């Protein structure tokens, strides 16, 4: 990495590796410094002074001294300032007078200024020509506030402004649909090659626009379905583009909330049923069994807040307890009694449905809650049968009856399946048939989306393998017994390790575990156990993630320990598989000798191979493996040390660090579930409820594998004959149209209520700072309009100074200060940059010879060796914390300050103590650095007055007595004012006039102080210090206003903003007559 030092610059430039770009970078076209007239022009626009703006534009067309398209240091043009101030009259004036709009339309949309948007749309429609870019597309991309992919419709959708979106959509504005993230079209490939970041950000902006609730409500015929689909697509994008995951997930939440807000507007059960049962392929008809197609779609798209909404949960609860009137309001004891009845006699309900499923008594089992209880009872009975099989209840029962010997039966080979095992086989056949029907009905994809189906599939698969292995073992053992009858009583300890019956018993034990875990799924219906079940599911996912790292660390240490200790464990293995004769001879044996070498037989498996090493380290996490495993036969101290060091490192990493990490992950998952426990539980419970609402098999296993009368009727088609005769094609089409119309009417009502609610909420928002600033701008604009009207009607408005302080906020004050001080958002220009800028300046066609000479001379000076040598000398000098002024403007301001300080000191030193009250009161000055000079003089005057012992007061009692005497005027004393306490102070406080500007030195001579006659007031003591500090606010004519001493006014009454590049002269002549002529 090379460093390039700029002599005389502000820092170090680091040259890094070059980056190849397809397009060259252009120097940004930053705003140029403004002239005095351009500053006045922008200030007038910001303050709403239409008369002054109109004069400035006319002057610009006549003299070409003002650029009406100029911009402030922040890049805001006059039109942008008018739009930000929401001044429609000013905006119309600028558009009519020919100001270029540039990106003003986007600015108006961003400010949500609807009237300006309509005006600018009409303007664009007039001036735009086909094939040419729009005004906002012509703005320099480096200085534009908006990127190139932002269109008016996209920006309006980002602001979620319903009114602006309605205007644009009514005009036919279109929104570009984003391509798929894996799209391989020519456009996507070209944009990705040119700028992948811009391509990705444009996709985010497009989806942010598509996710706008107002845009969905205006453009979609089915807003709820659109919100579901867009939410799911955003979820997929969040996983496909993890760099923008947070943005996509926020947009997904926005779509989900929009669907919930629409659902909140439903006001009746009929509207809710119309929304939840809508299916374009098979519409819902009132009176038919509810399919809840839209609710199932919400579950598929994981719209948890939509599903958990109180309206939906209330409807589902009423459907769930259908057929059991008053069950929810019964006491707990009565509920338990009713449930016990159903559980005990559930086989009766099943047989009743099998015989007459269409009768009223047979339809009881089809009620959702009854169906759930019957299926749960059947599954509990299956678990009870498994419990009997695992405890060998049939063998124990035969033993109690004295029919067989339990000890011999447990060791006998070639036994046929027992009665309980046949019953398990029937149950398993019923569950397999149930899963097959579910796959046929829902499809394989939807079947695999439910994680509980994996448990059911694994359980059924294990039971099938068990029955197959048991059949294989039965035929194999029967053949062995026929050849050798003694094999019939062979004990299991003498069987082959991989005997089919032993394998079958292991698989049967695993299947029983999965069968018992299925009960957890039934806990979803309980409000107390449901959240725990959901947390358990989340923790399983965390455990799977954790085991990837855990297994990697375990495998790494297992490889190392196996390579280090395999030889010594092999010695232990040989010792274990050996016998010692009476003569002391050692002979190898095929079986481990636990009697003589029990220690070796227990140790040799620890690290003998990679598999055994992995097992030893895994059980070490639970404390089963200790340091005794390293006390091997023949091991050396160095090898033992390295083995213990590696084992200790493994214990620290896997046992202390990773296990605690797993605990933290599971705790975090539980906290997340607990935070949204109500929503998560209701969502899980709804999925369980829906599985009993639809056309799922009514009979539970094993009753579902037996034929029913309903099955025969359906097989021969007898149930559909009457319905097929009644329904004609025309009637179906008419019904579909009616259903679609009813759904469209409901959706339109929901959207209208939602939009009205949003507008009411917007109207009820509290007053913001923007609202206050808007009022201030309107007051200022009205003031200038009133002054303009009075002036046109021949009235004297000279007393109302146009430079008077307007009603503006702090932000506007900061902006005006920056504008007047030529503040620019540009980096510090170094010497080399300045040479390059001057060199790249293009000569104007009609350039003045003097300007050409100045440009050439400046370039020559900048390239001179003397200047270069001076820069080198300054770069090695001692650093300064504040630096030195190196431009003409700063040097002039420094001279002004120094001259003012010297003049003030001279006047104060020469002033007589008796004439200390001669300090004139000055009017307020502009908010610039020159105003501090007057304050500085006031401070010197205050110090001098404190030291003076001849301070005097003059009390003004009436209008006549207020007027100072000629003698007092000659002596230069300022009478104090006594204002009666009965007179309200507010009557004296009038709007403060603007400070009269200090004129440049070259424009006029020294200022004199002009005196105005006093007016009658009350009694209140005000000293000369108070007059200088508070700066009396009222400016009235000589017959009514109080005694105020002001700086001379501008004769032309023009607004001359203060400029930092001009010299000012403050006249403080104290000995001259104030009434003397100029």
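Note: Cβ is positioned from N, Cα and C throughout, glycine not excepted.
Taken from TrEMBL, the feature compositional bias 'Polar residues' covers 977-986 (among others).
If you look up TrEMBL, you'll see 1053-1063 (among others) marked as compositional bias 'Polar residues'.
If you look up TrEMBL, you'll see 183-245 marked as domain 'Transient receptor ion channel'. Per-residue pLDDT, averaged along the domain 'Transient receptor ion channel' (183-245), amounts to 91 for this model.
Within its own chain, the repeat 'ANK' (148-180) is flanked in space by residues 105-106, 109-110, 112, 114, 117-118, 121, 136-137, 141, 187-188, 198, 201-203, 205-210, 212-215, 217-219, 755, 758-759, which lie at least six positions past its ends and keep a Cβ under 8 Å from the stretch. Per TrEMBL, the feature repeat 'ANK' maps to 148-180.
Counting residues 6+ beyond its ends, the transmembrane segment (339-357) has Cβ neighbours under 8 Å at 363-366, 370, 373-374, 377-378, 380, 698-700, 703, 706-710 in the same chain. The transmembrane segment annotation in TrEMBL covers 339-357 (among others).
With a threshold of 8 Å between CB atoms, the same-chain residues lying at least 6 positions outside the transmembrane segment (369-389) that come near it are 320-324, 327, 339, 342-343, 346, 349-350, 418, 420-421, 423-424, 427, 512, 515-516, 518-519, 522, 525, 692, 698, 700-703. Look at TrEMBL and you will find 369-389 (among others) tagged as transmembrane segment.
Tertiary proximity for the transmembrane segment (546-568) is limited to same-chain residues at least six positions away from its ends with a CB under 8 Å from its CB atoms, namely 606-610, 613-614, 617-618, 630, 632-635, 639, 642-643, 646-647, 649-650, 653-654, 658, 661-662, 665. The feature transmembrane segment is assigned by TrEMBL to 546-568 (among others).
For 641-663 (among others), the entry in TrEMBL reads transmembrane segment.
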Distal contacts, the transmembrane segment (641-663) - CB-CB under 8 A, six or more residues away: 542-543, 546, 549-550, 553-554, 557, 560-561, 564-565, 617, 620-621, 627, 630, 635
Secondary structure tally of the repeat 'ANK' (148-180) (DSSP, helix then strand then coil): 17 helix, 0 strand, 16 coil
Tally of residues which DSSP labels helix, strand or coil - the domain 'Transient receptor ion channel' (183-245): 53 helix, 0 strand, 10 coil
